[in-house]
Amino acid sequence: MGSKETKNTSRRDFLIKGAGAAALGAGAFAISQVPLLEKLASANEDTVKDLLPFPELIESDEIIIRMQNDVRRALKKPLNEIQWIMVIDLKKCVGCSSCTVACVSENVLPPGVVYRPVIEEEIGTFPNVTKKFTPRPCMQCEHPPCTKVCPIGATYKSEDGIVAIDYDKCIGCRYCITACPYGARTFDWGEYHTENTPEIMQYEKEPNYEYGVERVREKKNSPIGNARKCHFCKHRLHKGMLSMCVTTCIGRATYIGDKNDPESLVAELIASPRVMRLKEELGTEPNVYYLT
């Protein structure tokens, strides 16, 4: 019995003294944890109870919930009164490419088809060198050059401002790919990631739901043989969900919402003096804004 009491006492002293040492380095934060450490110290060896609760929400969660509410509020309006825009904070982007990977997964993208690459640049002169990361989705231009060159109108600007592709009409001429000044369009050549293995893996046979249509990639069927591009996950937005790249961004650098809603987070962000758009001099009026 005496041995157990000695063990618990030494454990208590160790934890509380450790908190005191940490307080010297971490200030008020460490001091605020002393009550928690006292509870830990007095707990049984095998059972820890009555811990202080975590906060219900952290800041990044609040941002996600706010955008979710913005999207659902926008959907109460007619589509032609919505203007979907994306805002990307370059100071928060860490170049992890989680948005790129999530987009590939959401849209079941094949090799060579990337809707949201992250462009990496090296800035400065050695040894004062840093890296800059720029996610580059489709700009959903207000005046898109791609729609003007399509000979059959397969690519068009939809009511909510998103530039879309009708896979059933697209003939694969690739004029739109050449016309895009942002390099935001790619072509589906019908390849598979697991093409040179004994069989195509099941995950590549899963359907995607681009533009609200369920499709399975199969030879000789769309979207194989079509131009393809980012569409802000239009199929998710119209169901009240956020774009996949927005929800998976580790740095919370990507935002989406209705530009026409003055209460939306994106409307607030684009009022910042830090805002810029790519190649504005071309007159395309891109609907992707960057915070520098």
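Cβ coordinates are placed from backbone N, Cα and C, and glycine is handled just like the others.
The signal peptide annotation in Swiss-Prot covers 1-43 and is backed by sequence analysis.
Less than 8 angstroms from the CB of C249 ([4Fe-4S] cluster 1 binding site) sit S98, C99, each of them six or more residues away in the same chain. Taken from Swiss-Prot, the feature [4Fe-4S] cluster 1 binding site covers C93, C96, C99, C249, and the record attributes it to similarity to another entry.
In three-state terms derived from DSSP, C230 ([4Fe-4S] cluster 2 binding site) belongs to neither a helical nor a strand segment and is classed as coil. Residues or ranges marked as [4Fe-4S] cluster 2 binding site in Swiss-Prot: C103, C230, C233, C245.
Residues or ranges marked as [4Fe-4S] cluster 4 binding site in Swiss-Prot (evidence: similarity to another entry): C150, C170, C173, C176. Annotation note: C173 ([4Fe-4S] cluster 4 binding site) sits in a coil segment as assigned by DSSP. The Cβ of C173 ([4Fe-4S] cluster 4 binding site) has 14 other Cβ atoms within 10 Å, all protein chains considered.
Residues or ranges marked as domain '4Fe-4S ferredoxin-type 3' in Swiss-Prot (evidence: sequence analysis): 161-190.
One way to see the shell of the [4Fe-4S] cluster 1 site is to take the Cβ centroid of C93, C96, C99, C249; the remaining same-chain residues with a Cβ within 8 Å of it are V94, G95, S97, S98, V118, F133, P135, C245, T248, I250, G251, A253, T254. Highlighted in sequence order, C99, A102, E106, N107, Y115, R116, P137, H231, F232, S243, M244 have their Cβ within 8 Å of the centre of the Cβ atoms of C103, C230, C233, C245, the residues recorded for [4Fe-4S] cluster 2, and are not part of that set. On the 0 to 100 pLDDT scale, the domain '4Fe-4S ferredoxin-type 3' (161-190) averages 98 in this prediction.
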